[in-house]
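Undergrad: Structure provided below as C-alpha cells; questions to follow.
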Amino acid sequence: MTATVIDGKAFAAKVRGQVAEHVAKLKEEHGITPGLAVVLVGEDPASEVYVAAKHRQTVEVGMASFEHKLPADVSEDALFEVIDKLNADPKVHGILCQFPVPDHLSERRVVARIDPNKDVDGLSVANAGLLASGETGLVSCTPLGCLMLLRDQLGNMSGMNAVVVGRSNLFGKPMAQLLLQENCTVTIAHSRTKDLAEVCGRADILVAAVGRAEMVQGDWVKPGATVIDVGITRIPHPEKPGKSKLLGDVEFGSASNVAAAITPVPGGVGPMTIACLLANTLTACCRSNGLPEPEGLTA
Ligand SMILES: NC(=O)C1=CN([C@@H]2O[C@H](COP(=O)(O)OP(=O)(O)OC[C@H]3O[C@@H](n4cnc5c(N)ncnc54)[C@H](OP(=O)(O)O)[C@@H]3O)[C@@H](O)[C@H]2O)C=CC1
Ligand SMILES: Nc1nc(=O)c2c([nH]1)NC[C@@H]1CN(c3ccc(C(=O)N[C@@H](CCC(=O)O)C(=O)O)cc3)C=[N+]21
C-alpha cells in the first residue's frame, strides 16, 4: 500500500484563508482588529525563525502583530512587567511566549502570568483543566492542528484505537484529550512504556511526538492506520553544506508503505501549528468581545 500524504501546508493555507475572511468581517462590521503578541527571550536561532514566520502570517491574515524581544538575561520581574502590560492591553487578544526560555526563567511561572483568556498556546492550568473537563477554553495549537487534519482525513473517529507517543503538557496530553473527545479509545505512551512497537501496532490513529528522529519504523504501524508525525529534529543537511534538514519521529519511507495516510515532515503538522495560533487569536478576540466564534476553527 502507498499511503496518502496529508498535505498540512495546503490545509494550513486554507485555515489561514478562513481566518483572514473572518478578520475582514470583524473589521468591517465591528471595527475590531484581532492582535497577537509574541514574546521572545534571548537569541535561539530556531526560535527567531519561528517568530519571524508567526509575525509574517499574522500580518497576512490582517491581524495586528506585536513583537517583544527581550535579552537572554532579562529578569523575571522585567519579563512579567511586559506580560502584565500585554494582559491589560485591549488591542492584544493573544499572547505567546516562545519556548524554550533561558534556564533562569521557569516556563511554568511564565505561563501562569498570562491571562488565560489570552493564552493562545492553551498551556495555562485553567485552559488545560477546561479541556480535560470537556469545557470551552483555548486549546494548544499543535494538537488542535492535528485534530483538524484527522477530522478532514477520517471524519468520524468514534471507537478507533488512538495511540499518542509523548506526554508533554504542550502536545501529548492535550492531543489525548482531544482524541478522547472524538470518542477514540486512547493510549498515551512514553519513555517508560513497555514494548512500544506492540502498543503502536494496535493504533488505527498513531500520533508520534517524541523528538527522536525516525524512531517509529514501518513495521510498528498497523496496516491502514493514519499516522501523524509531530516530531521535528534538525540535522545538518547530508548533501548541502551549511544547510539543515528536518526529520520527523516516523521513518517516512517504510511507514508510508503500510499506513493509509501519513503526514510528512516538513509540510505536515508544522504549518498547522502557526495556522492554529492565528485561529486561536481570532477565537480569543471574538470571545472577549462577546461575538460569535469562527466555525470549524475550534475544538
Ligand atoms: N510540529 C510542531 O508544530 C511541533 C513539533 N514539536 C516537536 O514534537 C516533539 C515532541 O515535543 P514535546 O512534546 O514538546 O517534547 P517533550 O520533550 O516535552 O516530550 C517528549 C515525550 O516523548 C517521550 N519519549 C522520549 N523518549 C521516548 C522513547 N524512547 N520512547 C517513547 N517515548 C519517549 C517522553 O517521555 P517521558 O515523559 O517519559 O520523558 C515525553 O513524554 C519534538 O520533536 C518537538 O520539536 C513540538 C511542538 C510543536
Ligand atoms: N510557546 C510555544 N508554543 C509553540 O507552539 C512552540 C514553541 N513555544 N516553541 C517551539 C515549538 C515548535 N513549534 C513549531 C512551529 C512551526 C513549525 C513549522 O512551521 N514547521 C515547518 C517547517 C519549518 C522549517 O523549515 O524550519 C514544517 O514542519 O513544515 C514547527 C514547529 C512551535 N512551538
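Each residue, glycine too, has its Cβ placed from N, Cα and C.
Feature annotation from TrEMBL assigns domain 'Tetrahydrofolate dehydrogenase/cyclohydrolase catalytic' to 6-121. If you look up TrEMBL, you'll see 140-287 marked as domain 'Tetrahydrofolate dehydrogenase/cyclohydrolase NAD(P)-binding'. Summarising the annotation, TrEMBL assigns NADP(+) binding site to Gly166, Arg167, Ser168, Ile232.
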Undergrad: Looking at NADP(+) and its recorded binding residues Gly166, Arg167, Ser168, Ile232, figure out the farthest C-alpha pair and report it in angstrom, whole number.
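TA: Farthest-apart Cα atoms in Gly166, Arg167, Ser168, Ile232 are separated by 16 Å.
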Undergrad: Give the residue counts of the domain 'Tetrahydrofolate dehydrogenase/cyclohydrolase NAD(P)-binding' (140-287) per reduced DSSP state, in the order helix, strand, coil.
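TA: So the domain 'Tetrahydrofolate dehydrogenase/cyclohydrolase NAD(P)-binding' (140-287) is made up of 55 helix, 30 strand, 63 coil.
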Undergrad: Which whole number is the mean pLDDT over the domain 'Tetrahydrofolate dehydrogenase/cyclohydrolase catalytic' (6-121)?
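TA: PLDDT averaged over the stretch: 97.
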